[in-house]
Amino acid sequence: MSNFQYCIECNNMLYPREDKVDRVLRLACRNCDYSEIAATSKVYRHELQSSNVENTTVSHDASTDPTLPRSDKECPRCHQHEAVFYQTHSRRGDTMMTLIYVCVHCGFAFEEQ
């Protein structure tokens with residue numbers, strides 16, 4: 001695999017871009033106009049996927065927030081049947097909304113399964 005390349009003008013990461021006129025692969029900065037010809041024509045794509053709960057910072061006070069709706073959803077950690085919930089966007093390729101539950105007894109955050 002190749003190393004990341006950085007812009008010599010603003011130090012942001014360079015991204016692959018096709019130069020259709022010269023028919024070469026270039027590495028271009030998304031922040032300024034800098035670009036350079038890529039040393040190789042190989043492009044690697046890395047996709048990282050994680051759950052919404054891992055990406056969401058849950059306030060410890062969420063379970064005591066009177067404005068959040070409540071549910072009798074069972075907590076997978078303590079098996080109590082009371083949780084507050086709210087919606088968040090998925091960070092994956094789709095734009096579906098996901099329900100995040102926070103147990104009012106132990107504060108554990110979990111997604112609807």
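Using the three backbone atoms N, Cα and C, a Cβ is placed for every residue, glycine included.
Annotated features, as they stand in Swiss-Prot:
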{"type": "ZN_FING", "residues": "7-32", "note": "zinc finger"}
{"type": "BINDING", "residues": "CYS7, CYS10, CYS29, CYS32", "note": "Zn(2+) 1 binding site"}
{"type": "COMPBIAS", "residues": "54-66", "note": "compositional bias 'Polar residues'"}
{"type": "REGION", "residues": "54-74", "note": "region 'Disordered'"}
{"type": "ZN_FING", "residues": "71-111", "note": "zinc finger"}
{"type": "BINDING", "residues": "CYS75, CYS78, CYS103, CYS106", "note": "Zn(2+) 2 binding site"}
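Everything Swiss-Prot records as a feature, shown here on the structure.
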residue: CYS7; record: Zn(2+) 1 binding site; DSSP class: coil
residue: CYS29; record: Zn(2+) 1 binding site; DSSP class: strand
residue: CYS75; record: Zn(2+) 2 binding site; DSSP class: coil
residue: CYS103; record: Zn(2+) 2 binding site; DSSP class: strand
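Of all the binding-site residues listed here (CYS7, CYS75, CYS78), it is CYS78 whose C-beta has the fewest other C-beta atoms within 10 angstroms. If you measure from the Cα atom of CYS75 (Zn(2+) 2 binding site) to that of CYS29 (Zn(2+) 1 binding site), you get 46 Å. With a cut-off of 8 Å between CB atoms and residues at least 6 apart in sequence, the same chain places CYS75, ARG77, CYS78, GLN80 near CYS106 (Zn(2+) 2 binding site), listed in sequence order. Excluding CYS75, CYS78, CYS103, CYS106 themselves, the residues of that chain whose CB lies within 8 A of the CB mean position for the Zn(2+) 2 site are, in sequence, PRO76, ARG77, HIS79, GLN80, ALA83, VAL104, HIS105, GLY107, PHE108.
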